[in-house]
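Undergrad: Quick one: the structure is below, and I'll ask about it shortly.
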Amino acid sequence: MLSPNRLAASPGIAVAPGRAECGAFPRTAGAAPRICLPFVLILLALTPRADSSWWYIGALGARVICDNIPGLVNKQRQLCQRYPDIMQSVGEGAKEWIRECQYQFRHHRWNCSTLDRDHTVFGRVMLRSSREAAFVYAISSAGVVYAITRACSQGELKACGCDPLKRGRAKDERGEFDWGGCSDNINYGIRFAKAFVDAKEKKVKDARALMNLHNNRCGRMAVKRFLKLECKCHGVSGSCTLRTCWLAMSDFRKTGDYLQKKYNGAIQVIMNQDGTGFTVANKNFRKPTKTDLVYFENSPDYCVMDKSAGSLGTAGRVCNKVSRGTDGCEVMCCGRGYDTTRVTRVTKCECKFHWCCAVRCKECEDTVDVHTCKAPKRAEWLDQT
């Protein structure tokens, strides 16, 4: 049975026809520069608890997180206190996946912007159960897996090291090889990420929790999808008669690219009648698989600043005059038009290598037009704030 005290807060989440209590469900929220501890405590005391506060580990030290952030559930707090070195990796991973999110959405109206001095990191935009929230939960979970697995292989953590199962001989399409080197222990990264990240969602049984759990799993599995076999050849003149191989994670960009494609193909769902799973909102679409991102609510258009939706708007954003894609001025500026400014850029050019060990370049100036989206009319902006 779904938790009744979390009903009716989010009219945008639909449920399949059925019993009356399977109505609407609430939504969940989720880097900032270093700030003093008293301010952090005041900030946290005034912030709703329903968020992914662990995202803020990228901005604060592990000790402060463990002791003072109320958004962590007991299991997360226990893991944080027991494995402070892993929390350090989680913090570094948070910075990495946020950068990747911003790279993937750099040409979109919503550009994965973060809020300074806000431990929810993304603000109210994560309250809506949108495809943007689906992407953020997936890539954040993937980021934890990636960061912990990498730290294991680099010998930075007490609890793990290289994959202990990759020993002896094995075979691939090229023939037999010996396991050697240091295979990335991705299964440990997945297990810890699941235990830590999913802990909060498992405390409740509502629609948003199920959505988050599903998308968290998509993110974890995305990292594993891009494990690659790397080998070193042995033999006369490197003839590769013998090979030593190990499993290594690919660059995190591949995971980001993959999840971006999943974002574009995300499937809108509604809760089934007994509240234990999903069904597609539109019967003309296929059912979601374990590798699909799912969401409940349509996204706002992100055209104008809307504090209630967490939208910063697109006024002042740089756009591409000739593009017909999401970075094009027509799409990015939502039909409001754009301003053009001529600017002079200084770049390095005519670079030459000088013996030994120096590259010398000239500085060249060129003039380019920069197009930025116009602000909405005052009345239009006031309607959204």
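Any Cβ shown, glycine's included, is placed from N, Cα and C.
Checked Swiss-Prot, it gives:
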DISULFID  Cys101-Cys112  disulfide bond
DISULFID  Cys152-Cys160  disulfide bond
DISULFID  Cys162-Cys182  disulfide bond
DISULFID  Cys231-Cys245  disulfide bond
DISULFID  Cys233-Cys240  disulfide bond
DISULFID  Cys303-Cys334  disulfide bond
DISULFID  Cys319-Cys329  disulfide bond
DISULFID  Cys333-Cys373  disulfide bond
DISULFID  Cys349-Cys364  disulfide bond
DISULFID  Cys351-Cys361  disulfide bond
DISULFID  Cys356-Cys357  disulfide bond
CARBOHYD  Asn111  N-linked glycosylation site
LIPID     Ser237  O-palmitoleoyl serine
SIGNAL    1-20  signal peptide
Undergrad: Which recorded positions (Asn111, Cys231, Cys373) fall within 10 Å of Cys334 (disulfide bond) by Cα distance?
TA: Cys373
Undergrad: Give me the count of other Cβ atoms within 10 A of the Cβ belonging to Cys373 (disulfide bond).
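TA: Neighbour count, Cβ to Cβ under the 10 Å cut-off: 22.
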Undergrad: Measuring CA to CA, name the entry from the disulfide-bonded residues Cys160, Cys245, Cys303, Cys333, Cys361 that ends up nearest Ser237 (O-palmitoleoyl serine).
TA: Cys245
Undergrad: Pull out the recorded positions from the set Asn111, Cys112, Cys162, Cys319 whose C-alpha sits within 10 Å of the C-alpha of Cys303 (disulfide bond).
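TA: Near Cys303 (disulfide bond), where near means Cα within 10 Å, there are no recorded positions at all.
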Undergrad: Would you mind sorting out which of Asn111, Cys112, Cys349, Cys357, Cys364, Cys373 (the recorded positions) have a C-alpha within 10 A of the one on Cys329 (disulfide bond)?
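TA: Checking Cα-Cα distances against Cys329 (disulfide bond), the recorded positions within 10 Å turn out to be Cys373.
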Undergrad: Enter the number of other CB atoms within 10 angstroms of the CB of Cys361 (disulfide bond).
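TA: Cys361 (disulfide bond) is surrounded by 11 other Cβ atoms within 10 Å.
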Undergrad: By CA distance, which of the recorded positions (Asn111, Cys112, Cys245, Cys351, Cys361) lies nearest to Cys162 (disulfide bond)?
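TA: Smallest Cα separation from Cys162 (disulfide bond) among Asn111, Cys112, Cys245, Cys351, Cys361: Cys245.
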Undergrad: Of Asn111, Cys160, Cys182, Cys231, Cys319, Cys373, which recorded positions come within 10 Å of Cys361 (disulfide bond), going by C-alpha to C-alpha distance?
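TA: None, since no candidate lies within 10 Å.
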Undergrad: Can you tell which of the recorded positions Asn111, Cys152, Cys319, Cys333 lies nearest to Cys357 (disulfide bond) in space, using Cα positions?
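TA: Comparing Cα positions, the candidate nearest Cys357 (disulfide bond) turns out to be Cys152.
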